[in-house]
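Asks: Right, I'll just put the structure down here and ask away after.
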């Protein structure tokens, strides 16, 4: 009564449920049959009748109608002969029209007031738990993730900014680059905002999956900027800024350009019409735009920032305050805190043998070069790393064998929402039977033919049938009339006797008649409703049921289709896994083909493919062990994981494979020294940025955090443990790759000394071969 009294106020008129409900043949609102059952039960109690009984899942009303209540009564306990002893839950459904824009707007407002009414009713009736759910609840709860994530994302940004500045800082105030850490993050942020602006201007729709885009950009963009900074540290300080910048771009931008192209191809295929999920397509489109602009901004904005800080360094200015750093003899007269802030190493104080080590005061450079590279390639450490990798593969395989596809709507919404409460209650109380499935026969068949009748009954075998067809056959049997009537007798009996009976009048909407030119009547289409018995613990059975009925509709003699609104979600979840996986396989094959023409050695491709396979296998396995199902969000993360692995591992593998004349161990150390700092810096910033995401009260962000965290962790494990160890004893062999020297060639060496005339000290030495 409280629900039907809801009013939606519009100018000049107040709409109630009676104005927007779906009408019956007698022009009254369609209500659930359980309401009629409760009304009859109430009437029986008021008249002290004790013979009224409710049966489950089909009961009989006073007018003789059979009604199905399997999806309206939940947690049912029955006596003998299916008589209901008690029920823990009742589900009521209100059907609204949406025939025009005004009606649709009123219905949407009515749904909003409906939820408020139920919540108010709940407060005054605390003994009864109520869970409202409307057609817009899923959309609202899906978008709610963005609102509850805001302060956590701000915390993440603050942490990443802090760590990015620290990663680019060192004790030497001239060679420290804290501004580049901040400007690198600003470059990524500008690219993300540019993409968001373009999506908005072109009429794109925002959805909560966009929360993953900043982390896609963080992993790719920050690594590119840190790699450029690492290349800068390898240049000679006595070179001009232009020459140092040219060396940086030549050293780092080729690999960054290739990985950017891989991102664009992967997400470009995801943004194409091949992807049939709008949320995934918009996510991939936004990612493509952001990655493209990030590449442009790294080339222009970050590159110019690097040049600017390079001039500051060459002029011996403070990296933060940009003021000239005084010479050591001047600093000796200053206080200790002043000397600490302006600590710098001047070239005049650096011997020739130490000139290349001026950046070793950076903590990460010092740690990798002095300790980690020697430790990981130690003969006694390698067996433990191999053993650890075997354990990793074992657990990954254990999880991989338990992978399940996600089909739960609660996985994509915030936690404390109506969708979660409603789906939990529905799964708990109403999972004994499937939702009512519409079985629609859309051709004119010989219903009067006995063989056709048997075919229809065979197709619907195993279901609880709420059917005019079966009721009609039972009606004929009670009258002792053969079910194999001639066509005319069949249609006359159907129209004039069966549908006119009160207990069968509600079936009149389930049959469509067609009158021909000779006044002959034919049944051109009909429908019946089916309900299947399901297990409480297996939600996948509904999807299996859908697939079984689909296959049957393609092979059966009778042409029919099946439908239930929940099938929309089943289809969406099926395609959310299949389509992205298909697209990722296509993009992976394309990338392998594309990169085969660009890399200098085919072994790079082989090692990269094996590494990506190992990382993805591990992520899927551990993701399953961490109770993450294979749904749209996790599959998008897996596609990103391919690119993230290539981003971090490709430079290491390229440096190792192309190295010549030294041992494998020497080139592993060299690869880690050259690229390890950039990988470690981007990894630390990425993990710190992910941590606040774990606290967001949303199942969507929980899936996002777990998948991205595993991708980062497993990739880091491969970069700093697995690859450095395995590459030391597996191909390619460096000894066989030595270039043979031609004995006829002679080396001519010319040495020129450049002498400072004032102090007669050797400044530089040029050697020409």
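The count begins at 1 with the first shown residue.
For all residues, glycine too, the Cβ spot is worked out from N, Cα and C.
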Asks: Please find, within the list 708-730, 731-753, the residue stretch that TrEMBL describes as transmembrane segment.
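Replies: Range annotated as transmembrane segment by TrEMBL: 708-730.
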Asks: Match it up for me: which of 314-335, 336-357, 358-379, 380-401 does TrEMBL list as transmembrane segment?
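Replies: Of the candidate stretches, TrEMBL labels 380-401 as transmembrane segment.
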Asks: Kindly point out the range from 156-177, 178-199, 288-309, 420-441 that TrEMBL annotates with transmembrane segment.
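Replies: Checking TrEMBL against the ranges 156-177, 178-199, 288-309, 420-441, the transmembrane segment one is 178-199.
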Asks: Quick one: sort out which of 522-542, 543-563, 606-626 is the transmembrane segment according to TrEMBL.
Replies: 606-626
Asks: Out of 496-516, 580-600, let me know the one TrEMBL marks transmembrane segment.
Replies: 580-600
Asks: Tell me which of 206-226, 458-478, 647-667 corresponds to the transmembrane segment entry in TrEMBL.
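Replies: In TrEMBL, residues 206-226 carry the label transmembrane segment.
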Asks: Counting a contact as 3 or more Cβ pairs under 8 Å, with residues at least 6 apart in sequence, do the transmembrane segment (206-226) and the transmembrane segment (380-401) touch?
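Replies: Between the transmembrane segment (206-226) and the transmembrane segment (380-401), contact is absent.
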Asks: For the transmembrane segment (606-626), find every same-chain residue at least 6 residues outside the stretch whose CB is under 8 Å from a CB in it, and list them.
Replies: 392-393, 395-400, 402-404, 588, 592, 595, 634, 638, 641-642, 645-646, 649-650, 653, 657, 706-707, 710-711, 714-715, 718, 722-723, 727
Asks: Can you give me the average pLDDT across the domain 'SSD' (149-308), rounded to a whole number?
Replies: 88
Asks: What same-chain residues lie close to the transmembrane segment (708-730): Cβ under 8 Å, and 6 or more beyond its ends?
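Replies: For the transmembrane segment (708-730), the nonlocal Cβ contacts are 212, 215, 219, 372, 376-377, 381-382, 385-386, 388-389, 392, 607, 611, 614-615, 618-619, 622-623, 626, 637-638, 640-641, 644-645, 648-649, 652-653, 656, 664-665, 668, 671-672, 676, 679-680, 683, 686-687, 690, 693-694.
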Asks: Give the nonlocal contacts of the transmembrane segment (380-401) in its own chain as ranges (CB under 8 Å, at least six residues past its ends).
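Replies: Here the qualifying positions are 617-618, 620-625, 717, 721-722, 725-726, 728-729.
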